[in-house]
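A.B. asks: These came from TrEMBL, pasted as-is:
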- 33-52: DNA-binding region (DNA_BIND)
- 95-278: domain 'BPL/LPL catalytic' (DOMAIN)
- SER106, THR107, ASN108, GLN130, ARG134, GLY135, ARG136, LYS201: biotin binding site (BINDING)
Amino acid sequence: MPTSSKAQTPKTQAQARRQRLLAMLAEGSFYSGEQLAKKLKISRGGVWKLMNSLKALGVDIESVARQGYRLPRAIDLLDKEAIVASLPAATRSQLERADVLLTVDSTNRFVAELSPPQAGHFQLCTAEVQNAGRGRRGRSWIAPFGSGVCMSLGWQFTEAPPTFSALSLAVGVAVVKAFRRLGIEGVGLKWPNDLQWQGRKLGGILIEMRGESAGPAQVIIGIGINMHMPAAIRMQLAEREAALIADIHEIMREKTPTRNVLIGALATELLAMLQTFTVSGFAPFKDEWHELDTLANAPVKVMSGSQITMGFARGVEADGTLLVDVDGELRKFVSGEVSLRAVKG
């Protein structure tokens, strides 16, 4: 990746100080205001101003009299160098650019505004905070500071694959492979783009495409994963999503990988998947997806606007279309048109 050296402006200096302050607080140890001012080489008022800017991003800063300031729990901050270093050499050689941001409206939108990557290469963006993150069907994606992975990967097909509509399913398979590389087991896939653990939502996938069906197509793969969600946020999400929430820390406890390592593993598996998908489409991933299908042969409710269809999930076709057995007849449903729910007996 090309690098450039630029003189720091007052704005970039302030951003660098904010990042340093965040890194110190994220250690989990207390720092007094005086210690912070000395280390950052600014006034106490400057420290207070930086803290307020972090609080505005949703950073929970704990303050204890005569002890100082810290984050309530240690957080592994996103780090571009650590992410790139975690990539195998072959993957690293195909990384066109990587952006690690403190805050962004949407990582998908950030990548969409870039020029498409050259053939065979990919772009990566991740951020601590998304102000306008989205899930499928325009729903907002909530990820408090330091609590999850919000990442997007940009890729360009020389022409759209014939089974492009099934790409989100292949992405799900790649994500589970990345999890398994890190010892994260038991994760399944709910059509069309939910990651689940023990029936609870662990994350989601959002695919966006730009281009013509007969020519080059830029694809942006957005992935959101719950890493260590605060209890209050878990309850808020559960109420809104009508589903319980899971996170990686709950699964792995003290063996939880850093977010940087997880992002590297995800990028590696996504690149391998895209290389295969470019040539062969969804076919090589179909059997693996069925093995991970959390609703296989289960009673389900399919909602399309005001219409509700009850039946049994029977997997997917080669193009990613959902198959539902409705009174002995196989009905087909397209992901962009419907919402799928399990029916509890």
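Every residue, even glycine, has its Cβ placed from backbone N, Cα and C.
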A.B. asks: In DSSP terms, helix, strand or coil for GLN130 (biotin binding site)?
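C.D. replies: In three-state terms, GLN130 (biotin binding site) counts as strand.
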A.B. asks: So of SER106, THR107, ASN108, which of the binding-site residues has the fewest other Cβ atoms within 10 Å around its own Cβ?
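C.D. replies: Candidates: the binding-site residues SER106, THR107, ASN108. Fewest Cβ atoms within 10 Å: SER106.
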A.B. asks: What is the three-state DSSP composition of the DNA-binding region (33-52), stated as helix, strand and coil residue counts?
C.D. replies: 17 helix, 0 strand, 3 coil
A.B. asks: Tell me which of the binding-site residues GLN130, LYS201 sits in the most Cβ-dense spot, judged by other Cβ atoms within 10 Å.
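C.D. replies: Per the Cβ count, the most surrounded site is GLN130.
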